[in-house]
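Positions annotated as region 'Disordered' by TrEMBL: B:1-36, B:63-99, B:129-164. Marked as compositional bias 'Low complexity' by TrEMBL: B:12-29. Per TrEMBL, the feature compositional bias 'Polar residues' maps to B:65-74. TrEMBL lists B:131-140, B:149-164 with the feature compositional bias 'Basic and acidic residues'. Residues or ranges marked as domain 'BZIP' by TrEMBL: B:145-160. Here TrEMBL flags B:167-204 as coiled coil.
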Amino acid sequence: MSVNNRDPLVVGGVIGDVLERFTRSIDLRVTYGQREVTNGLDIRPSQIINKPRVEIGGEDLRNFYTLVMVDPDVPSPSNPHLREYLHWLVTDIPATTGTNFGNEIVSYESPRPTSGIHRLVLVLFRQLGRQTVYEPGWRPQFNTREFAALYNLGLPVAAVYFNCQRDNGCGGRRT
Amino acid sequence: MLSSAKHKINHSDFSISSSTSSSLSHSLSQAKNMTQVTMEEEWKEINLASLHQHRQLNIDHEPVLSNQNPNKSIFQDFLNKPLNQEPPPSSSSTHHGSLLAPPATVISLNTHSIDTHFDESAMFGCFGKKRGQDSDDSRGDRRHKRMTKNRESAARSRARKQERAYTNELELEIVHLQKENARLKRQEEQMQLKKAEATQHQTKKILQWSLTSPF
């Protein structure tokens, strides 16, 4: 199913700020503890200290996938001049398995936004082959589009995002 | 680091005679030990120092620098200039961009030259809202920028709200579809059963018929 204008990824600006339009073709299931991440869900940093469980679909075990997790709203959504911050990068994930079976080339760093409500985006790409992706070397000012172009990853096959603000944030509402 | 309180510094007649680096630093050091100057000039000094640091002294800025008019209009010129210029082609292609590239607001100038973690409220505090010498222009500008940012923030809030609504809608639809699916399956099962019964019955009848046919 391709992304339409009411799709949360479009409404939330993920398509545009981070990704191009794409067609979902692989299942992507991200779970922090007991909570499955659905688009736009509000999660606090204390709930995402440890890496989530990520399970992917697909059918052919010979296909390998890369998972990227970025924050495009650094240091704050109103002034995101450090866009994007790379939180996690796992490659060589075989279809039907999960990140535990992949190669964690950039370790999971738990998000700790200080200012504003940040989007945290998880994107799945299909690799052309195995071990064809290398670590970028730094986390801030990562560019998912360029990264995908560099390694011929093409358009995403799946993506999901959630919202995160600091633990004692007011939810964007002045009281 | 700029403090949030308005403050005046003792400067001399703030003068910059040329754009070369040595005279720039000379006049900056000269500026440290003399009469009153307003925040605009201190700000100009800092910006010029960063300009020098980033090696982005642009020929076009010389007229501004050498114009020794220390009143607030020069500040306006300095602000307005970058908005009309193209970024110099030789500028570094880092994400931070050139200070001379159209920074949409004074705020972004602030961010790039001072500290990337500068809190927005502190930035406004530096400029202060009640500076008697401010022209209406720059005050209106700041208000306009603030309004824009507020509008963007409101748009983001609405987008978040909209997605929540959409997700809820979808969840409800899933539940509805699951129920309907279950109902339709049951219905089909029953129909299959009936059909099976009916054909059985039919076969019996035919057999009876044949058995009782008169020959």
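Quick reminder: no glycine exception, Cβ is built from N, Cα and C everywhere.
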Counts of helix, strand and coil residues, the domain 'BZIP' (B:145-160), according to DSSP: 16 helix, 0 strand, 0 coil
Segment-level pLDDT (mean, integer) for the coiled coil (B:167-204): 91
